[in-house]
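Chemist: The following block contains the structure, expressed as structure tokens.
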Amino acid sequence: MPAAPPCRPPARRCAAPRPPMAPGPFLFPPSRKMAAGGRLPLSLPGGRARAAFLRFFQERHGHRRLPSAPVRPRGDPSLLFVNAGMNQFKPIFLGTAHPRSELSRYRRVVNSQKCVRAGGKHNDLEDVGRDTCHHTFFEMLGNWSFGDYFKEEACSMAWELLTEVYEIPKDRLYVTYFGGDSSLGLSADEECRDVWLQLGVPASRVLPFPLKDNFWEMGDTGPCGPCTEIHYDHVGGGRNAAALVNQGSPDVVEIWNLVFMQYNREVEGNLLPLPQHHVDTGMGLERLVTVLQNKRSNYDTDLFTPILDAIHKGCGAPKYQGLVGDADVGRVNMAYRVVADHVRTLCVCITDGIYPGLSGAELVLRRILRRAVRFCSEVLHAPPGLLASLVPTVVEVLGDAYPELRKNADQVVDIISENEAAFLSSLERGRRVIERTVQQMQPSTNFPADVAWSLYGNLGFPLDLIDLMLEEKGIRLDSDAFNELVLEDAKRKAQGAQAAQLEGADVRLDVHSLAQLRGDNVPATDDSPKYSYKLGQHGQYEFSPCQATILMLYRDQSLQKEVGAGQRCGVILDRTNFYAEQGGQASDQGYLIRLGQQDILFPVESVHLCGGYVVHAVTAVETLRAGDQVQLFVDEARRLACMTNHTATHLLNFALRHVLGDNTEQRGSHVTAERLRFDFAVKSPVTVEQLQQVEQVVQDAIKRNEAVHMAEVPLALARRVQGLRAMDEEYPDPVRIVSLGVPVETVLTCDSEAARQTSVELCCGTHLLQTGAMEDLAIVSERQLVKGISRVIAVTGRQAKQAREVGQCLATEVDSVSIRMKQRSTSIAEMQNLSKEVGQLTEVVASTAMPQWQRKELQTILKALQRTANTAIRKLEIRQAEEKAQSLLTKHCNQPVIVDTVPADSLSILMKVVNQLCDKSPGTSVLLLSPQASGEVLCACQVSKCCW
């Protein structure tokens, strides 16, 4: 790496020193004095420690106090969660902040930032609970200078806060500085060292350390610089603990890191001085409070003890004792720590819009929740609902600092409860499966992969949880075999209801057959002819014929040269125009014939891609042999329907982003000839208006009859397309780009914005050549799979038009019922018939394929009509009951017992008559009968309390 040139700090104007300000009552009580032996005299609550930090920099040193940013990163795809206080200030450090933006006006800033370190580069998840210091969620206290003060002022402020405001004994503190790196041409940061010496820190406590300890970098490139850390000795007593600094000792821990950003690392690796110097400091509140409360464990501070107490009350397990390792028998204390930490993380993440889900940060949060639930259930033996019951306690601890927690507490409880209940049920079933399987296993054998796959696929067990439960029993799982089963299951599920009925498992090549094919140098199938189609003169699609040779047959888990009549097998060809199921699109169907035998058809039921070989599932009507020459015929109507729906899927993806926002991310899709299914992540439920807008965006593209451009390009080049929509999966190289309305060459142009204005995706599927052939698209279903993940089902062409026609017919029927309902009939029978009609319409609307926005509108109207009908019937029945009761009272005046028959259309009316009689004549017992036309007799009675 080339040496960096000598760096001198750029000229700057130092801020004028501010007069000292005595700690006021808002910081600490005046009685806070040093205790004997250099220990802190009293325990400072965590909330006041946080407030003291913020007020110190805000009021004493003129910093602008900012709220914490959400833990969901803003426009930073490199992060799953905000994991440091500086994340929100990256544009300032990188120089990308707009000169008219608020960011560009920041000079001195202070805040307490919510941070999550779970997943990605900084991942503390698996360490949480094993010790007393790791957390997935923590609070980062930080102060920043953007081109204002630098080392002298930063160190002075830090020392002042720690020793004068917090009154931490000076003889417990050690500071480190960057000791230089000759390979980079960087000398020791003597400026920083001298600042500490001038502040009175003994030279024996000012310690140099190398690059890995005291040089901070944002990433492979970008702003960076030396840092100085402040360490605290928990033991004290006048000893010299310098030898323990940065050695991983639990007795001497870092509490504050001050980073001096003065360089920029270029792409080539060299360091250049920044035009402005910045200061970025970070101090974990949990560690600070541990020091201020004279504790050795973060979990013993008041940031955690209320939560631990709530766990104890909720589960009845032995009280938390802070034990770790072998001393923690049964891992009860570890469970306390896991649950306390994880419920804090869940509350903060859900409040900030990250919900347990299926990918990215959502998947990490799902793992956190399930890990906490497992410790609640299996270690603490807590009743269901414990995790959600802790939310109010977390809000009480953190709500003053982060008011958004109080606003969203009910939503947090609901989401945790829903996910907790679902996983508890799965966990119990899974535990029984594992126990039973282990009992049946032979000694020294691996856990069956198919059982683990069932746990993973059917019960939603994370792989790491399966491994952990098996590890506890001293059993291992063959991960390769397990992963193979998971992939096979994913393919089967992706085929939908119709394809799920196909028996495709027996034609999927096993690992041995694949190895044999490659060993025999059997070439992979050339499936490029699947893209050989064009538009004819009259706008119809013309699919090119394909002739091929049978290379091998596959049956009964083995490769064969010959298969007899009536046998189901996999046919491997040298080339094919059939589309194998992949990328969410269902496979083609059709038939093949042997050359010279035009009258014998071999139906192709499904097509699968296995290791580069396309396997056609065929039931042989006559003997098939390797070497046979065949001609292939795709079911053109089915293929065209799949092409239509696949292109519609791309348009739908674009429309959803256009209407709901760029944060709408695809989570999966499936295309068949009958319909398309699309799963996506979205923060809020989709409204009726948004569904209409999405359909309109698609219909506009259909009307424009845009050309669908497709081309294969190098993967590296494709990934540079701005606005490209691609799933998080492996793609071939070269990769196929599908662009609607804009030529692929245009979207590949450097800095082209064209891809942001239309649909551009990486896709191996088959597509229309022009969007007009789609004719129409109707979203016929939309529902949430889990919180934050929605699924839509749509149809195209004639099916879409039919759905709209049906929707219009039903809307007309609903309007008719509404008109008749407004006429306010005085007949109970008529109103009951109307109510019945509303109920029947409600069922039809719920089950019929029609535009989803229209379904929701009609369901809202029908729900209101049902309430209106029920209210009208109830009022009419009460009126009729009053009349009948009055007539009976007149007939049976002052009698202690009334037994009579009355005409009544329903038992409800008869009961109302009895109630009216008893209300009007409290001392009377009543029995009424009502003969019905069906021959039945209704009976209602009530005995007076006087007779009890």
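Using the three backbone atoms N, Cα and C, a Cβ is placed for every residue, glycine included.
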Chemist: Kindly point out the range from 1-23, 162-184, 484-506 that TrEMBL annotates with region 'Disordered'.
Modeler: 1-23
Chemist: Suppose you had to name the range TrEMBL annotates as coiled coil; which of 127-154, 435-462, 855-882 would you pick?
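Modeler: Residues 855-882 are the ones TrEMBL records as coiled coil.
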Chemist: Can you give the mean pLDDT for the coiled coil (855-882), rounded to a whole number?
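Modeler: That region's mean pLDDT is 88.
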Chemist: May I have the list of same-chain residues other than HIS646, HIS650, CYS763, HIS767 whose Cβ is within 8 Å of the Cβ centroid of the recorded Zn(2+) site, in sequence order?
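Modeler: Neighbours within 8 Å of the Cβ centroid, excluding HIS646, HIS650, CYS763, HIS767: GLN585, MET643, THR647, THR649, VAL708, VAL738, GLU761, GLY765, THR766.
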Chemist: Using a Cβ-Cβ cut-off under 8 angstroms and a sequence gap of six or more, which residues of the chain neighbour HIS767 (Zn(2+) binding site)?
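Modeler: For HIS767 (Zn(2+) binding site), the qualifying residues are MET643, HIS646, THR647, HIS650, VAL708, MET710, VAL738.
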Chemist: Return the count of C-beta atoms lying within 10 angstroms of the C-beta of HIS646 (Zn(2+) binding site), excluding that atom itself.
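Modeler: So the Cβ neighbour count for HIS646 (Zn(2+) binding site) comes to 25.
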Chemist: Select the most exposed residue of HIS650, CYS763, where exposure means the fewest other Cβ atoms within 10 Å, treating these as the binding-site residues.
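Modeler: Result for the binding-site residues HIS650, CYS763: minimum number of other Cβ atoms within 10 Å at CYS763.
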